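TrEMBL has this to say about the protein:
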type	residues	note
TRANSMEM	36-54	transmembrane segment
BINDING	GLY42, VAL45, SER300, ASN332, LEU397	Na(+) 1 binding site
BINDING	ALA44, ASN49	Na(+) 2 binding site
TRANSMEM	66-87	transmembrane segment
TRANSMEM	108-135	transmembrane segment
DISULFID	CYS147-CYS156	disulfide bond
TRANSMEM	217-235	transmembrane segment
TRANSMEM	244-264	transmembrane segment
TRANSMEM	297-314	transmembrane segment
TRANSMEM	326-351	transmembrane segment
TRANSMEM	385-406	transmembrane segment
TRANSMEM	427-453	transmembrane segment
TRANSMEM	459-482	transmembrane segment
TRANSMEM	503-524	transmembrane segment
TRANSMEM	536-559	transmembrane segment
COMPBIAS	605-634	compositional bias 'Basic and acidic residues'
REGION	605-655	region 'Disordered'
COMPBIAS	636-655	compositional bias 'Polar residues'
Amino acid sequence: MEEKQFAGILNGAVPGEPVKKDENSRRGNWGNQIEFVLTSVGYAVGLGNVWRFPYLCYRNGGGAFMLPYFIMLVFCGIPLFFLELSFGQFASQGCLGVWKISPMFKGVGYGMMVVSTYIGIYYNVVICIAFYYFFMSMTNLLPWTYCNNPWNTPDCSGVLGSGKQFNATLANATTSLVAGVTEVVNRTKRTSPSEEYWKHYVLNISDGIGTFGEVRLPILGCLAVSWFVVFLCLIRGVKSSGKVVYFTATFPYLVLTILFIRGITLDGAINGIKYYLTPQWQKVLDAKVWGDAASQIFYSLGCAWGGLITMASYNKFHNNCFRDSIIISITNCATSVYAGFVIFSILGFMAHNLNVPVSEVADHGPGLAFVAYPEALTLLPISPLWSMLFFFMLILLGLGTQFCLLETLVTAIVDEIGTDWIIRNKTVVTLSVAIVGFLLGVPLTTQAGIYWLLLMDNYAASFSLVIISCIMCICVMYVYGHKNYFRDVEMMLGFPPPLFFKVCWRFISPVIISCIMIFTVIQYKPITYNNYTFPNWSLGVGFCMAMSSVLCIPIYALYKISRSPGATFRERLKFACRADPKWGPALQEHRTGCYAPLVSEDTVESRPLKEKEELKEELREELKEDETERKDDISLTIQGSNGSTNTHNSPNPSA
């Protein structure tokens, strides 16, 4: 039988019958490619684009941050993004299933799951705080506008004046601005109403990370609402979330545009934009600026979280993921820059009214979103409306990322267990993960919750992500083989990866990732929250969280080697690194070319890629030997012109 007759015959398929699609495969589950692009944009563009990127610009001298940021985007961000998209799309598997490419490195997938779990826990707490601010904005007067509230201290000084002005209408609020500014300037120490509202009312923050205090019931309720919304949007997997992202991924841009137009019309906004765009060239040569730029690209795109691999696994096999990676990465970068214009215009307005430099207006981290921005919103006409729009935008930005984080965990669990019950009851798995995530997030709603949130953000999802991404590059390019992977991409897309991406995957990106690791170690400083320094025991907990994802890699590697056949360690190691026979496209119809199964008379077996050429040659030699044996055993007959038959073994005497 000819070899082409057996193309697509795999896992029990019957020769001569049409190849059936695997019902469990999720190829093409996106309604269309727009849904995948919007979901990926929603995943990559999150809360970090709204406050982390502007903060890094703010800290590193504005325009001096832009040059290294764009360089890191080109040489590290886009190539890594394309690598993960092509990885997941080719295998049609989640962050665990794709490691059939080299089973020993499956611990990388488990590490991605651990990281996604940590991020999903504290990320939803940030979303629930945005929910809380959104609900509290449904009033005629924002509660953080003035200083005459029970939670305020004597050091509080609002831009709009003291409590005597409280009875002023919203129309008179703008008129009283000058008097309020004069009072603020004459103060030697100023605490804004929004900061005291954040610390003393929303968080009711304790004096340390070990003092949990009471659970903040309003925050706990908003956390339940947040998880419930995420579950409802994922109740049918990407079939439901793909429809939701039409709104969640596009509405934030509408709000940003509205806020941008309003921001640039405020007094002093131009000063903030100048600070944003004007580089301080002495900082360009600072290694820390380059390290911050690389880390921002790395984290904002969501590489090594497992979400990109999972979302791409739902694509059609021949989808142009190269085009998608370019579009999504550039959109992410543009959103960060655009959000910077919005925020710095507001910061310029605040600096103008407070008569202070732009560099002294904002706090870092969550403070930029929940302290500085709410205070700026009180200065706008119809401030409750602007506040509702802004926090609704934060909610949508957060949900876009949270959808993918939860789907990553659910997909990995379903793929790993793979039983019929699990596949049929994926909704139950989704609900279970949501409930566990809610319960694990409860400690973050206590009075010490903000300390634990910052600890998880700085340790659980920083250094470990860099290590995971570096090992992934090494595995794909050097263990599996760059030539093999380039051939896989060409088989899937119809064209090989561009030369630039080949060079980045093999050399440039791993070097940059290694530099990030070096910067992280050299520039390490214990984290602080305002004037609070975290105790050593809490830093130990942070390191344990960071190492819990990284240790998955060597632990699983040792386990896989110990379970592999072989007489020596080298033989076991070689077998554990070899691609699984099931590695390749998920659907039978796509297992062509080097993944087409080779057939003998008794068995139908799919061969690993690296053994394909050798096996084909062996098959040809066996066919030739069989033919030679038949020639020796069977007489050759020749049909004569007179119709008689002559045989060489038994000659006819009358011939």
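Cβ coordinates are placed from backbone N, Cα and C, and glycine is handled just like the others.
Caution: TrEMBL annotation is automatic and unverified by curators.
It should be emphasised that the depicted structure is a prediction, and the values quoted were computed from it without experimental measurement.
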Recorded stretch, among 66-87, 108-135, 244-264, 427-453, maximising Cβ pairs under 8 Å relative to the transmembrane segment (503-524): 66-87
C-alpha spacing of ASN49 (Na(+) 2 binding site) relative to CYS156 (disulfide bond), in angstrom: 30
Non-local residues, at least 6 beyond the ends, that sit with Cβ under 8 Å of the transmembrane segment (326-351): 37, 40-41, 44-45, 49-51, 53-54, 57-58, 69-70, 73, 77-78, 81-82, 159, 253, 256, 259-260, 263-264, 266-276, 296-297, 300-301, 357-358, 360-362, 368, 372-373, 375-376, 379
SER300 (Na(+) 1 binding site): tally of other CB atoms within 10 A of its CB: 23
CB contacts for ASN332 (Na(+) 1 binding site) [other CB atoms within 10 A, all chains]: 26
Interface check, the transmembrane segment (66-87) with the transmembrane segment (217-235), three or more C-beta pairs under 8 A: no
Stretch of maximal Cβ-Cβ contact with the transmembrane segment (459-482) [cut-off: under 8 Å; candidates 108-135, 244-264, 297-314, 385-406, 536-559]: 536-559
Stretch of maximal Cβ-Cβ contact with the transmembrane segment (244-264) [cut-off: under 8 Å; candidates 108-135, 297-314, 385-406]: 385-406
Candidate ranges 108-135, 385-406, 536-559 - greatest C-beta contact count to the transmembrane segment (427-453) (under 8 angstroms): 108-135
Sequence-remote partners of the transmembrane segment (217-235) [C-beta within less than 8 Å, at least six residues beyond its ends]: 124-125, 127-129, 131-132, 135, 202, 241, 244, 399, 402-403, 406-407, 410, 427, 430-431, 434-435, 437-438, 441-442, 445, 449
Touch test for the transmembrane segment (536-559) and the transmembrane segment (108-135), at least 3 Cβ pairs under 8 Å: yes
